[in-house]
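Structure first, then comments.
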């Protein structure tokens, strides 16, 4: 008799009620734990089809409720990128000479590898200075990106990691801030540039915008995202570490990126207008 057969027989001997439940529980544990394939790289967490689906649904709902949960957004990105989309991203790198070098070199973007104090000394309109200035203004760090763990193919996992770590460069080059309205504009742009499903799904967070913000998103920044996302080159193939001293305006032109309307300036002008209107109404009373 097999081990499973002996286990089932033993449980059956304990009673007719407990035996089916205990045997089913054992089978589930055996399927989900013992039959799961081994990790393929350090930190890899293999998932079954059902587990991946549950992760996608759970992280989608959670990130919609709280768009600031970077861990849920990262999990959603990995769960929905498989099987097709992450291979498309990896193949886009393989089809480009610079992309192939990035896959071969496997550079990582951190505050140490980029030497942020040095970037702050570069010319004002350089890519590196623009990036460092954006980080300082938004109060964020390149060291906070989660490591990829739910993508099975090791090379594809690096492609996703590279996209994740380059995200702040996309912010810096476009000038978009990190509050929800800015993130949605950038995610729409990224979706048309990378086709990563998570970036497209993130757009549904527009329901959390105020009416004025929602109108601005659909009238200004979504059209910008469509134009630039469709016209721009594959950003995954940009070797950012090698162009830090390049003029950022020249880079935008080479990549085909149109700079979007300045969200911070727009919000500032609207606050000033609201303040003047409030003072005018108070003066009448």
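Positions of Cβ are set from backbone N, Cα and C atoms, glycine also.
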Candidate sharing the Zn(2+) site with 167, 168, 171 (per Swiss-Prot), from 181, 183: 183
Additional residues around Zn(2+), ordered along the sequence, whose Cβ is within 8 Å of the centroid of 167, 168, 171, 183: 169, 170, 172, 176, 178, 186
